Amino acid sequence: MHSLPLLLRQSLRSTGALSRSAHRPIRAPPLPSHLLRLPTAHPRPFSVCLQCQFRTQSASYPPNKESDKPLDTETPSKHPDSTASFLEESLKTQAEAGTPADSTTTTTTTTTSPPPQPTPNEPKTADSSLRDTLPSYLDNRRSQFSKQFTTMMDNLQSNIFVAGQRLNDLTGYSEIEALKKEIHTQEDRLRAARLHVRNAKEAYASAINRRSASQREVNELLQRKHAWSPVDLERFTHLYRNDHTNEVAENEAQEALTAAEREAEEAAAQLSKSILSRYHEEQVWSDKIRRMSTWGTWGLMGVNVLLFLVFQIAVEPWRRKRLVKGFEEKVIEAIEKEREMNHVEILSPTAAAATAGAVAPVEAAGEDAAPAPVEEETTSDGASVVEDTTGGVVEDRADLAHESYKAQLPSLPSTLSVDSWRQYLHDLFSERSMIITQRDLSSVALQSAAAGAAVMGLVIALIRPR
């Protein structure tokens, strides 16, 4: 069987020979106006296959100018039928005219407009604004801290579950959870065993009823034995033969019922044992937790007592010594300031008297010049005597004030003596007014609450019934 291209080639050769002998050139019909405007395709090399010769070629993009298109013509895309018919007519004409197979043919080309390229200066369109609101774009703009926080919140439930599991492992509650699961399994087993017992009872009852009915019918046949017909004889033989089968079925149903009841009893006993074991383990676990809480309460109370003793034995005396030392330094500083002020007040009238004594000899210098040195010496001696007297008085006053302040300071006994503790207790319950900050008041309240809770826990632990 010859191929289609070979047959076409032979037909073209025969028609070409006939046309050459006739010497009658045949003109091709004129092309329509809408096909003349199609761009020409590049010629292809010779190919045996005619389908390859008429393959669609891609051409360059034609200028998209609407002004060049005539108004009275239509585009080729609107005349697909006319284009196909024209191609068929041209093929027939070429075949009749004897054109060689390697002649070039017109090919249809499809023109596609390239996609518009956005310019960089062009404003954002609706697509770009829509792209900015996409979840992926917003997710990429999130900070790393926000992503970590989201991941942590997503894993929070699993982390809490893992922490609870670790706590159960430490306290021993995981074994109790295993016992709970085992109890659920035993409950399912007991439920299935009871259902099996119910089915076995029904099967045993049906076997008994079937055998009883068979025996009842046999007894009826035996009562009218003298009037048996062939059908009755056959029926009696059948019933007598099935009696053994019914007996075996009844015995098997009874054994199955006994086994099902035994299994149900074992499942119930195992369930009761598991429940008792779980109750015992929960009691032990609760006792351990209560014991741990008791020891924790004792430890908290011991810490509070230790802090109280440390504050009363070490911190409180050190604070009192620091306050006393600071008070003494302030008193000494006040005494020094008072001494300096008294010294300045005493020196001011002495300087005024010396100035007045110096002015008087200057006025009398013209009258009596010889006795002037004697008077000057007398004045200087008097001033030195006054200064010595004033300095001695100031020192005596400062010493007296220092001694009086020291006498006014409270005598602090030793911190380990009985008098110090008696004085401290008396000071605790005295009516002395003092200024305290809110922080100190809050710390005292918290310490009192902790001490009260510790004492109440101790009392409850002691009077709790064993």
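Glycine is treated like the rest: Cβ placed from N, Cα and C.
Given the ranges 136-158, 366-388, the record in Swiss-Prot names 366-388 as region 'Disordered'. Same-chain neighbours of the transmembrane segment (443-463): 294, 297-298, 300-301, 304-305, 307-308, counting only residues six or more beyond its ends whose CB sits under 8 Å from a CB of the stretch. When Cβ-Cβ distances below 8 Å are used as the criterion, the transmembrane segment (295-315) is approached by residues 415, 447, 450-451, 453-455, 457-458, 461 of the same chain, each at least six residues removed from its ends.
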